[in-house]
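Quick look at what TrEMBL annotates:
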TRANSMEM  46-65  transmembrane segment
TRANSMEM  85-111  transmembrane segment
TRANSMEM  123-144  transmembrane segment
TRANSMEM  150-170  transmembrane segment
TRANSMEM  231-260  transmembrane segment
TRANSMEM  280-299  transmembrane segment
TRANSMEM  320-341  transmembrane segment
TRANSMEM  347-372  transmembrane segment
TRANSMEM  379-399  transmembrane segment
TRANSMEM  411-433  transmembrane segment
Amino acid sequence: MNQFPPGTVRLEDRQNQHLILSPQPTSDPNEPLNWSASRKTVQMSLLCLYTIMCFAGLNVMTPVWEDLLEDRGFSFTLLDNTNATNFAALLVAGLAGAVSESLFQVTVADLFYVHQRGTMNGIYLVIVTIGNCLDPVASGYVAVSQGWQWSFWWCAIFMGITAVLLIFILEESKWKPSIHGIARLITRQPTRLVEIDHSIPMRSYLERHPFVQPAKVLKWSQFIMNYKEPVAILMEFAVVAFTAVQYGFNIACLAILVINQSTLYSESPYLFSTIQIGNMNLPTAIGSLLGALFGGPIIDLFLIRLAKRNGGIYEPEMRLYLYCIPALSMVAGIFFFGLTIAKGESWILNAVGAAFMGGGQGGMCDMLLAYLQDSYRDMTGAALVPVAFVCGTILVFPVPYWRSCMGTYNMFVLVGCLSVFVSSLHIPIAIFGKKSRIARAEKYAAYPKQHQ
């Protein structure tokens, strides 16, 4: 396996008789890869709940803007004058919620094999969709029945419950190899060539749920290096830069969709109520679910077949071979939604465009996250920091001013053209991505040693 560059693994043996698990587990029952299905389910369910609440808190206000402005007498100009307060509140929320993205992906890399990660990332995108798209639906109904304030109160209550569950139930999935562990290979049948060694003692509750962990005392130079490192990773690893740009742009497109829905649907010719504005997130959610299904389990099955045709060798770039399908869905959705809503066409046409955008976002983001994990498993957490940073720096708050200057029609034409350009970048990465991984192999190999 040492002759392979980072990310390249053998999924099939030379006779194509067995599925080789990658990374290969050991016989140690404490290793996260060997956890039972129920234990993994509890771990991932908690992270799913946490992710939902993080994204729900960001989007709960979408359908209640008009109620808030009417009740408090705010204007958008007045809100702009309180930018400092708003930014301070968002900074605190960002610090609390940003962990959800990297924590989920790192846990997927710890608990699941290469041929399962696309499916797990698909689940993650479904969860993000629930927080982004279905929470505004619920928020609209809560605002009408209980008042817009309760939309925020329910978020706070459920986040508090989630925090308690995380503290007492979520396990530490970081694992150091044990000398007792023996690498094993598993066939397609449920039989095992090497059984889990149950004589190895299981870790105690406090070891699996450490409330306090000793931390290394960092020098100022090391502290500063921790902030420089994400920038260095972004600049040095083409796979990380590609994922950051693609992921950030797709999330920005979805944010542009949500912002325009919350403002344009409350105006003529639509004049939607709070509940109706919230319900218009349903098409996006449905599309995103279908996109995640394509980018997850379908692509996982596809790459196993590709690896079989490639002599059993799997390359992470194989995940990008069908990237054009969700990319075309995103481009079509941007034009269809943007141009029909600009012309005041039927909301049904808008909904079709929103569904295509959701499908593109779900499929592409799923494939991107799995591609990054497969390429640099030991650097997943650090690599996701610049990805999240780029995603957060693609600013969407000027969208109302952008729309007022260019007009809704021209704005979406520009966004659609940008989407064509950005998504087409997957072609050179699919062709030359392996060469990039080979070129940075030594740099990647040195990363775990620097962080021991």
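Heads up, the Cβ atoms here are built off N, Cα and C, so glycines get one too.
Remark: the transmembrane segment (85-111) makes no contact with the transmembrane segment (150-170), by the rule of 3 or more CB pairs under 8 A. By the Cβ criterion (under 8 Å, sequence separation of 6 or more), the transmembrane segment (150-170) is not in contact with the transmembrane segment (280-299), since fewer than 3 such pairs are found. Only sequence-distant pairs (6 or more apart) were considered; of these, at least three Cβ pairs between the transmembrane segment (123-144) and the transmembrane segment (280-299) are under 8 A, so the stretches are in contact. Across 46-65, 231-260, 347-372, 379-399, stretch 347-372 shows the highest tally of CB pairs under 8 A with the transmembrane segment (280-299). When each of 231-260, 379-399, 411-433 is checked for Cβ pairs under 8 Å to the transmembrane segment (347-372), 231-260 comes out on top.
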